[in-house]
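Beneath this line is the structure, given in structure tokens, with notes to follow.
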Amino acid sequence: MMETPNNDSSRTPDEAAGAPDPESARYVANELSVADRQVNILRDKLRHIDRQLAAATQNNSKLVGMLETAKAEILRLKNALDQEGQPPYSFGTILQLNPKRQPTAGNSGQAATEESVDIFNAGRKMRVGVSPLVNMNQLAVGQEVLLNEALLVVAGLGYERAGELVTLKEMLGTDRALVVGRADEERVIRLSGALMSEKLRVGDALSIDSRTGYALEKVPRSEVENLVLEEVPDITYEDIGGLGPQIEQIRDAVELPFLHPDLYREHGLKAPKGILLYGPPGCGKTLIAKAVANSLAARAAERTGNVDLKSYFLNIKGPELLDKYVGETERHIRLIFSRAREKASDGSPVVVFFDEMDSLFRTRGTGISSDVETTIVPQLLSEIDGVERLDNVIVIGASNREDMIDPAILRPGRLDVKVKIQRPDAEAAADIFYKYITTDLPFHESDLAEHSGDVQATVDAMIQRTVEAMYSTEKSNEYLEVTYANGDTEMLYFKDFNSGAVVQNVVDRAKKYAIKDLLTTQQKGLRIDHLLRAVVDEFREHEDMPNTTNPDDWARISGKKGERITYIRTIVQGKAGQEPGKSIETMPSTGQYL
């Protein structure tokens, strides 16, 4: 049989490569479609499972929170139950700290060697242990501690904030003090840890625990601190006008012994203990006292080479020093001089200034409603005599009624130097004016033009005309007519009642008038008319107050110190010059003072 010839050589290349059958292609496409649907179904299931998982996670978080809340509530209830059944803690005050010690022949027991504290608890003194959780170094005597039911110190607290008030009288070593309590009862107390590092001085008020005998804290006493104003004055002698001779007298009495103590000792001289400044009010007594303190500080710095050396000016407010309780005023005086000695102990000059000295230390036996001066005056005398051992303390008293001060205070050896601060005359008033009218002030153009623009010449002319107006004895300046017991009469002018304070008021008024003119007329500068107007207004302000001036001072001005004034008549003719003069009724028995 003849074989069939092979037809492969007659096929196309595609047929030779094995092209898919159409039926097979449809089958494959169908399978792919089914696979896609299954993938989409699986994706949907996966998303659903993810949502279920997220919801389960959220529910789980809520469940955890609820469980935590339930746990906390259970713990709170458990703690509440524990606290309800827990015994109370007690308080104690530390009396002594006992660190751990080595046993000795007589003290080998645990109570004597182990770390412990002595406390005061429920009226008993006890030695108790300290919890290991409490740092022994953070405990101090006088401090409160917390004790458990076994009386073991489990916590350190603060210091008691309430207690009995006492006054420190004397320090006894470093940890004890002598204090004065109610009814002048003296007591020895111990200082708590809070006061060990604090500087205490005699007169300080302390709060104490009367049960334990510990001083707990230092209490500020505002009513005492207000009586003494400690300051470093910035007033110099150059700031004071019209008192040249008085200042020179004070400098000789105060600064010479301070600058040349060797010469004074060589000649057997002692520095004065005190100065009395007396005279009418408003004439510079307080300013001089401050200038003395400032000058002493400057001289002390020059002598010692210590530029940081300060001076202290203890300004005693006289009327406020008085106290209705017996012994309180004397205690305040002792406190003042104790503070002065403390400040002067390091070489700083101290001036103790008693203003209105007559209100405190008047002549014994002259009191009408009380005899408080019978104890205050001796207290001051003893303190002044005690200043003898201190070279840096000087007492300065100021008064406009020096005749009322007890003679024992004014005798030599106490207030040695007595300086009368008189009312300023015309020359002194001009000197005071120069302190307030200076060349740096704005002056009106018309006043400057009268002196070719020379500011100093303008100031000189203003002051000269103002002083002439103040010290004129014309009829317009008549103020009072004084009649004495012997029938003599004397006319007193406004110049007889002038003072440094009046001069300052005149200048202040003139400056105020200049400001008002600037606001209304737009013309700037001080004018002589402002000063003259201020003089008139200042004098007229005193029209209704002639009886406020000391009649004894009027007698001194007229040279009849011992004569009694029986009648006073005002001559002022009213602010507008139209009102009639006024008179004070004749007093049949006025005594030495009106």
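From the backbone N, Cα and C atoms, a Cβ is placed for every residue, glycine too.
According to Swiss-Prot, the protein carries these features:
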{"type": "COMPBIAS", "residues": "1-10", "note": "compositional bias 'Polar residues'"}
{"type": "REGION", "residues": "1-23", "note": "region 'Disordered'"}
{"type": "COILED", "residues": "35-86", "note": "coiled coil"}
{"type": "BINDING", "residues": "GLY282, CYS283, GLY284, LYS285, THR286, LEU287", "note": "ATP binding site"}
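If you count neighbouring Cβ atoms within 10 Å for each of the binding-site residues CYS283, LEU287, the highest count belongs to CYS283.
Annotation for LYS285 (ATP binding site): spatial neighbours LEU277, TYR278, GLY279, ASP355, ALA398, ILE421, criterion Cβ-Cβ under 8 Å with sequence separation of six or more. Taking the centre of the Cβ atoms of GLY282, CYS283, GLY284, LYS285, THR286, LEU287 as the ATP site, the nearby residues of that chain (Cβ within 8 Å, site residues left out) are LEU277, PRO281, ILE288, ALA398, ILE421, SER499, GLY500, ALA501. Residue density at THR286 (ATP binding site): 18 other Cβ atoms are found within 10 A of its Cβ, drawing on all protein chains shown. Cβ-based neighbour count (10 Å, all protein chains) for GLY284 (ATP binding site) stands at 25. The Cβ neighbour count for GLY282 (ATP binding site), using a 10 Å radius over every protein chain in view, is 19.
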